[in-house]
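Visitor: If you look up TrEMBL, you'll see A:206-215 marked as compositional bias 'Basic and acidic residues'. Feature annotation from TrEMBL assigns compositional bias 'Acidic residues' to A:216-228, A:244-276. Positions annotated as compositional bias 'Basic residues' by TrEMBL: A:280-308. For A:1-124, the entry in TrEMBL reads domain 'Proliferating cell nuclear antigen PCNA N-terminal'. Annotated domain 'Proliferating cell nuclear antigen PCNA C-terminal' per TrEMBL: A:127-185, A:315-380, in sequence order. If you look up TrEMBL, you'll see A:178-317 marked as region 'Disordered'.
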2 protein chains.
Amino acid sequence: MLEAKLAEASVLKKLLDAIKELVTDANFECSEEGITLQAMDNSHVALVAVKLVQNGFKKYRCDRPMPLGVNVGSLTKVLKCAKDDDICTLRAADEADVLNLVYEAKNSDRISSYDLKLMDIDAETLGIPKTSYEARIVLSSAEFTRIVRDLSLLGDSVRIEVSKEGVRFASDGEAANGNVLLKGRGPIGKVDRGPQGDDEDEEDGDGVKKEKKHEDDDDEDEAGEEEEGGKKKDKAKVKKEKSDDGDVEMDEDEDEIQPDEDGEEEKEDEEDEDGDGDGKKRKKKSKSSPKPAKKAKTVPSSKSKKGKAKADDGDDDDDEAVIIQMNSHVSLTFSLKYLVNFSKSSNLVKRVELYMSNDVPLLVSYDFGQGYIRYYLAPKIGDD
Amino acid sequence: MLEAKLAEASVLKKLLDAIKELVTDANFECSEEGITLQAMDNSHVALVAVKLVQNGFKKYRCDRPMPLGVNVGSLTKVLKCAKDDDICTLRAADEADVLNLVYEAKNSDRISSYDLKLMDIDAETLGIPKTSYEARIVLSSAEFTRIVRDLSLLGDSVRIEVSKEGVRFASDGEAANGNVLLKGRGPIGKVDRGPQGDDEDEEDGDGVKKEKKHEDDDDEDEAGEEEEGGKKKDKAKVKKEKSDDGDVEMDEDEDEIQPDEDGEEEKEDEEDEDGDGDGKKRKKKSKSSPKPAKKAKTVPSSKSKKGKAKADDGDDDDDEAVIIQMNSHVSLTFSLKYLVNFSKSSNLVKRVELYMSNDVPLLVSYDFGQGYIRYYLAPKIGDD
DNA sequence: TCCGTTATTG
DNA sequence: CAATAACGGA
């Protein structure tokens, strides 16, 4: 038996709007931890993974794991019948063949109830790509949308290149070629966060080599780069790279940046679980407990994003700052069509995270408070 | 000779926008009382009746009745040439074959003049359905629009059911079933207004029977339910039904709720023709002269609507309150396609009134100050 | 109120 | 398959 109450139907509406063109049918896997969905797009080029964590619900109960097979288009229609601020309750009995959605107007007297027919969907085995990456970029989701949309006017694919220069998005088209370079706020750091909410140290990647792995410096000073560590430091520290640039080496494993598989930790970072203060204080925390146990394993967890949003109190519009972390030079080419599609999720949250390693699928992660939506996209073969 | 000057062209523009998809050609019947139009939709399933009352015009003169046959599409085009706030004057000579429309910019120096070719249209005999109903619902026109639009995503038809629970709109579709329940403000009253601006008494319909006719109680207390009677009372009186519920019986004729055929009375109710006070005071009036001469015959006159808007001074957002009046349980099924079309008129006025009786066409009435647009739609046969 | 997207018609 | 109109969203 499932009963999940969302304070605002809008989250669900946005999520389904985001995936409805990618996926036609999918299983919503409900369990004690929350609800997840994983599906390949119809052409099996992209993979979407959605998670709604249990504590993101106003009320959540799921006695035993149950997959709810839904037609995404139908669910989208049903969700269109909800107003954004309606309280939305999902219910499904064990073995039920319908999912019941109830919308209650905040102010009272309208109650709508919808029964969506469920279907059996083969739980296709989805290989979630590797979870550690050579590079991580965090930027405004709106800016990401703009970049891929702009470039999609010129060509079909985009080469994303992370170097000490910053991140470059480049597309070649018949009529014109174009590229966008994002400099990143402060020095380019190698790692920004630990997957579990630990604080990682960073080194700046300014001394990027043209080939992979090299230049990993572990000065935590550079940590200023990380979202939490501190915007404030960034300014002061920019280009504070030690002499170590160029001769760094990190364990492949440890230095890799990886997304947090668990959406829950975010809470900690985000809502100052630490109890040491509000989110902004966290910045302090980062500094205090800075020496990282390990210097890599960055996770794109919601925490990261969240942490950032809050931690970035300091200077200016944090939402606009670009954070670049890189262990080694990365250059990959992707289909813009998919990236444009992914960027629809930007209405869920202000920041998006990109994780990349050469020859490995790109991970585009939108972590919102109550969960995340992540997209994996295989690079085009002939990438430079 | 006709000369009719409207202070704002927008009214006419909206009216024609509303009917242009339903009707291709129609006669504008001009007489001393104003201008009316009645037409069946092309498939003869729905009927539209528009009235612009004489005193809704800034200036009105019509020496003798004259039908002006126009192509609605053409008139719509001509009206698109008017700005919303232009002063719009319609002129037609006796026996003329053109209708002249002049638009004067409020502030001055632009005067546009258009001559629309007229045509002879057979005055088809339109049977306006019965004018008394078992149930009346008044709600936000925007909400009505939303409900029918939402449900139209799921299925082709909607079952509208009025019971003591409230009004339920339900639609079954291939992928999902859905329903919206509106609770109504305060207790469900049987009758709310007399057609002529008389004060009717009401009883609440809480003790509704499953079959028609029954439960008519004449306690004026319940009158609080009516729009004029008073929102204020509603809160206090909710469920104040006397013991009489359940054993009422009303004359079929007298208890029926019917739309006001005359657009003018509204003025009386609305603008305190009685001169005993302003609209709000009217509430008082209702109570003072409560013992109804007759207890039914409710009319959907504009007065009703208007009265409500004003009478509903009390509590909250009157525009959102749902008013339900019912003599007996009603359940009918209608084509959503038409209802969606009707709901285009919601840009004319904030409230819409629905009148229903079993096995009889639904009346959807938008009464704006200067007249009304009403739609009649036959129920689908197999309705429960 | 204007722009973009979607659906319908030719 | 393309163009036009309608509907929905920003």
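Any Cβ shown, glycine's included, is placed from N, Cα and C.
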Visitor: DSSP-wise, what's the residue breakdown of the domain 'Proliferating cell nuclear antigen PCNA C-terminal' (A:127-185) into helix, strand and coil?
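Guide: Secondary-structure composition of the domain 'Proliferating cell nuclear antigen PCNA C-terminal' (A:127-185): 12 helix, 27 strand, 20 coil.
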Visitor: Just give the helix, strand and coil counts over the domain 'Proliferating cell nuclear antigen PCNA N-terminal' (A:1-124), going by DSSP.
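Guide: The breakdown for the domain 'Proliferating cell nuclear antigen PCNA N-terminal' (A:1-124) reads 23 helix, 58 strand, 43 coil.
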Visitor: Quick one: average pLDDT across the domain 'Proliferating cell nuclear antigen PCNA C-terminal' (A:315-380), no decimals.
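Guide: Taking every residue in the domain 'Proliferating cell nuclear antigen PCNA C-terminal' (A:315-380) and averaging pLDDT yields 92.
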